[in-house]
Amino acid sequence: LPLLGHVSIHLNIYGPPSIIRTQRNKATAHHLGLLKARLAKLRRELITPKGGAGAATGEGFDVAKTGDARIGFVGFPSVGKSTLLSNLAGVYSEVAAYEFTTLTTVPGVIRYKGAKIQLLDLPGIIEGAKDGKGRGRQVIAVARTCNLILIVLDVLKPLGHKKLIEHELEGFGIRLNKQPPNIGFKRKDKGGINFTATCAQSELDGETVKSILAEYKIHNADITLRSDSTADDLIDVVEGNRVYVPCIYVLNKIDQISIEELDIIYKVPHCVPISAHHRWNFDDLLERMWDYLRLVRIYTKPKGQLPDYTSPVVLPDGHTAVEDFCLKIHKNLLKELKYALVWGSSVKHNPQKVGKDHVMDDEDVIQLVKK
C-alpha cells in the first residue's frame, strides 16, 4: 500500500510484521485490535476500485442467477474444476492439460431432489488474487454471490493450497463455514460508546472496542457482545460487507493415491474426496452439497387432486413461512390468501388450517385457499 508517497508496505499472507512480532497478552490486545482495524480499512480501500461512474468496468464476468441455489467451483488452475462440471452437469467446459484453460465463468444446471441447482465453473485463481492478480478480483466477486462454495483441490498437491485459497477469499470478505458473530451494533447520533458484554470476554474490553471504533470514526454507538468475540469479529460487524458462505473442500484425483491415504483424507472436516475423471464418489458429493445448501421442498396440492410430487417449490432454510411460499410464486398471491391447508411434520393435525406466518418443514404439502 503506498503510504506517504514513497514508502510502501507489503501485506504478508499472515499480516504485517508488526502484528506477527507482537506478543499476545492482555496488555497488547488493545494495540493489536487497533492494527487489525487499520489493516481491514486499508484492505477495503484496496479492494474497492478507484474512479467514479465513468470508469471502465471491463468485460462482464457474472452469469445471470437461475434455479433455486448457486454453487461456485473455486480453485487453483488445473485441479479438475471443468472436468467436474462436465461430468456433473453434462455441460462442456473446455478441458486441456495446460493451466488457465477456463477464462470466463461457465454455467451448468443440475436437478437434484427436485431442486434446480446452478453450478459455476470459475477460472482458476492464483496467489494474490484478492489484490487483483490474474483477474482474481472478478472471480472472487462472483464467488461472493454463491450459496455454497466448492473449493476444488488436487489431492497430490500440498494442503497449503487450501490455506492459500481460504486466505484469498477471507481477504475479500468471504467467511467460510462460519456463523455471523453474535454482536449487536447500532449507530447513534449522540451519547458516546455504550459497551455491554453479556458473557466473559477473553480479548475485547471497553478500551479496545472504543479504539477500533475510533479508527472508523465512530464515536456514538451501542455495542453488545453476546459471545466471546475477537477483534476480527468486531471489525467484521462494523465493516458490514462480509458474506458467510458454507464451503466444501473437494479433493480431486483420488484415483492416484492409496486406500490408506484415502482413509486419512476422509477424517478432514468439510472434505469430500472424488475423482472427477472416473466419476467416483459423486453421490456422496451431491448428498453433502444438499446438506450444506439447507433447502426446503414444499409440494403443492390443487383442490380435489393429488399432491404434485414432481416439481416442488424450493425455499431457503429460515424463509419457509407460508408468506415466503406465496411471494416465491407471485407477489399478488399474498393479498388474495384467505388461509392455507398444510399436511406434514410442521403441523399437529393433517390437514391443518394455518395463516401466513406458519413455518413449514421439508417435504410438507400445502393447499392455498383464496378469499
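Placed from the backbone N, Cα and C atoms, the Cβ positions cover glycine too.
Features reported for this protein in TrEMBL:
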{"type": "DOMAIN", "residues": "69-294", "note": "domain 'OBG-type G'"}
{"type": "DOMAIN", "residues": "294-370", "note": "domain 'TGS'"}
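Across the range of the domain 'TGS' (294-370), the DSSP-based residue counts are 12 helix, 34 strand, 31 coil. Per-residue confidence over the domain 'TGS' (294-370) averages 87 (mean pLDDT, predicted model).
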